[in-house]
Amino acid sequence: MEPILAKNPNRFVIFPIQYHDIWNMYKKAEASFWTVEEVDISKDINDWNKLTPDEKYFIKHVLAFFAASDGIVNENLAERFCIEVQITEARCFYGFQMAIENIHSEMYSLLIDTYVKDSNEKNYLFNAIETMPCVKKKADWAQKWIHDSAGYGERLIAFAAVEGIFFSGSFASIFWLKKRGLMPGLTFSNELISRDEGLHCDFACLMFKHLLYPPSEETVRSIITDAVSIEQEFLTVALPVKLIGMNCEMMKTYMEFVADRLISELGFKRIYNVTNPSDFMENISLEGKTNFFEKRVGEYQKMGVMSQEDNHFSLDVDF
């Protein structure tokens, strides 16, 4: 039995802190709290109306995936992780993560509701995990792991792959729109959400390091390569990023690069041994995600929750 999963009679009380590294992650998550009302999407409609049909199609499908995916992550937290993990510090993080995932889901739903006026199309997008095969494939993979009989360690890797791999390509595509000066509300919310998800992925890696009996390297590699294949298909075949003017081969390589960063953070050898295909994408890769958070994306962080020097993070890099 893993110590972090063993029955803990002190789980109802926070102090004294036993796992300071896990507690520090919780405090970072707490400092990142934001709400959808703080994101101004009023200027997006003008840009939306200027987009090509291909660009609109791409953005709608990405938002449809995101709108459902956060609910899947939350179902896993509620049904499995929050019940299994017995240490208070991790439960604090997971509880806060659930609140943040709700905000993400609300944000994506609001964006769809704002951009798409036809009620039938809205319903189609809101029900993407049933109506869109390309989204359903990703959703089915994630949901499979909620109910899988595998141990906590394997499922921890699977959901690190969901948040670290399934999300990264879509984040990159929205950052590409920011580079073009489009959709300020969408792109600002993307900065906040990608920061949050980076922290969630970092937390999964931290929890993995607390396991005394982690899954084998072979098992970890299998889960991650499976996720990479699904995501590559999603963004280069089912919903090709060429629709918004990005290079599909570069996106494929980027997904492999992200996977290498993730497995390296977990303490294993890289799988693909590729370099980052673009300086632009360096800003949103997994490495340094916690630092990315600390630099206060969009100059946003709760005052006084964490003491940090002011840093200015720029995404204005040639792609």
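For all residues, glycine too, the Cβ spot is worked out from N, Cα and C.
Database features, via Swiss-Prot:
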ACT_SITE  Y108  active site
BINDING   D70, E101, H104  Fe cation 1 binding site
BINDING   E101, E163, E197, H200  Fe cation 2 binding site
REGION    313-319  region 'Interaction with R1'
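On the structure: features taken from Swiss-Prot.
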residue: D70; record: Fe cation 1 binding site; DSSP class: helix
residue: E101; record: Fe cation 1 binding site; DSSP class: helix
residue: Y108; record: active site; DSSP class: helix
residue: E163; record: Fe cation 2 binding site; DSSP class: helix
residue: E197; record: Fe cation 2 binding site; DSSP class: helix
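Under 8 Å, Cβ to Cβ, and six or more positions away along its own chain, H200 (Fe cation 2 binding site) finds Q97, E163. Listed in chain order, the residues near the Fe cation 2 site other than E101, E163, E197, H200 are D70, V73, Q97, I100, H104, V162, F167, D196, L199, C201, each with its Cβ within 8 Å of the site Cβ centroid. Long-range Cβ proximity for E101 (Fe cation 1 binding site), meaning a same-chain Cβ under 8 A and a gap of 6 or more residues, is found for D70, G71, V73, N74, L77. Taking all protein chains in view, 25 other C-beta atoms sit within 10 angstroms of the C-beta of E163 (Fe cation 2 binding site). For the pair E197 (Fe cation 2 binding site) and Y108 (active site), the Cα-Cα distance reads 14 Å.
Here the region 'Interaction with R1' (313-319) has a mean pLDDT of 43 out of 100. For H104 (Fe cation 1 binding site), the same-chain residues that are 6 or more apart in sequence and have a Cβ closer than 8 Å to its Cβ are F66, D70, I193, D196, E197. Around the Cβ of D70 (Fe cation 1 binding site), the number of neighbouring Cβ atoms within 10 Å comes to 25. Residue environment of E197 (Fe cation 2 binding site) contains 25 other Cβ atoms, counted within 10 Å of its Cβ in all protein chains. A simple way to gauge crowding: the CB of Y108 (active site) has 26 other CB atoms within 10 angstroms, across all the protein chains here.
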